[in-house]
């Protein structure tokens with residue numbers, strides 16, 4: 001009998017028997033307290049494939065049927081726009097995740113809140129506000145694409161170990177690392193061009209986010225909290241929107257940013273639960289594995305703090321009494337807490353459904369804030 005010590009959050013995802021085509025083991029029982037647990041494995045370990053090499057230990061093999069299904073799902077998921085692009089362009093559109101706009105929306109939404117709140121604080125014109133909303137929308141599309149390209153370059157040797165990502169352009173050899181790097185340079189140049197259209201106060205603040213953007217993919221290799229790095233850069237627009245409207249109101253900017261940071265931690269943890277079984281095999285770390293069965297409890301605590309931060313942002317900006325702010329924040333809170341309660345963290349399809357539902361959740365708050373802004377323009381607030 002073999003005895004091993006493992007982290008308890010990893011143990012939660014380990015089945016009673018494991019076979020990867022080369023080795024077969026049976027876990028009899030485990031015991032332990034705190035962060036470590038001891039498991040007892042029946043031995044000797046049975047070797048099933050004499051051609052096994054150490055490299056194979058970390059590389060799961062997918063059947064031809066699994067790979068064919070992954071390709072079929074990728075092609076179906078291209079959508080009506082990306083699928084009609086020239087064939088040579090499609091892999092680069094996939095690098096930007098143009099066929100999956102959920103990330104662009106989630107990046108853009110905190111920008112819209114900051115812009116609208118800044119517009120109300122400065123009594124900005126409708127034209128100025130809509131221009132900034134449009135400019136940030138294009139910026140969100142480009143910079144989210146750049147972030148996905150960076151992620152795929154760094155993760156090219158991990159993506160082929162997870163069935164959901166095995167068809168990504170670099171992992172599937174449809175785009176070379178060199179061409180992806182050149183494409184990244186082009187996207188970054190466009191992003192810098194958009195930043196140059198903003199007031200000078202935005203430049204240093206925008207550039208400050210780039211180190212996190214470029215290093216985020218590395219975090220999943222050495223910490224169970226890559227979501228912390230993603231949340232830090234993904235909600236930068238909650239800071240940037242205010243100077244874009246000509247105001248540096250840190251007392252509002254900071255709580256709005258922290259609240260959005262916590263929201264991202266919640267929905268990206270739910271997203272990470274889709275791949276937890278594959279992540280263990282591939283050595284990829286996430287809060288889904290760190291929190292395990294405690295995920296919903298932790299997320300409820302984060303959500304409570306999230307809405308406390310949003311309320312503080314409303315108080316400090318003087319916008320808390322607007323009917324849109326109160327109503328929008330109430331709907332926001334209801335939808336987030338309902339998502340946490342209802343999501344089945346062991347069902348990848350349900351995790352994806354609840355994750356994408358955050359687009360509507362955030363948009364309702366944007367619409368509500370814009371309603372208050374229109375009331376202000378008309379002299380009712």
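Keep in mind that glycine also has a Cβ here, set from the backbone N, Cα and C atoms.
Any TrEMBL annotation is an automated prediction that lacks curation.
Ranges compared are 40-62, 63-85, 132-154, and TrEMBL records transmembrane segment for 132-154. Of the listed segments 102-120, 254-272, TrEMBL assigns transmembrane segment to 102-120. TrEMBL lists transmembrane segment at one of the ranges 281-299, 300-318, 319-337, namely 319-337. Ranking 132-154, 175-196, 228-248 by CB pairs under 8 A with the transmembrane segment (202-219) puts 228-248 at the top. If one looks beyond the transmembrane segment (132-154) by at least 6 residues along the same chain, the residues whose Cβ comes under 8 Å of a Cβ in the stretch are 95-98, 103-104, 107-108, 111-112, 115-116, 119, 168-171, 177, 180-181, 183-184, 187-188, 190-191, 194-195, 197-198, 213-214, 216-218, 233, 237, 240-241, 244-245.
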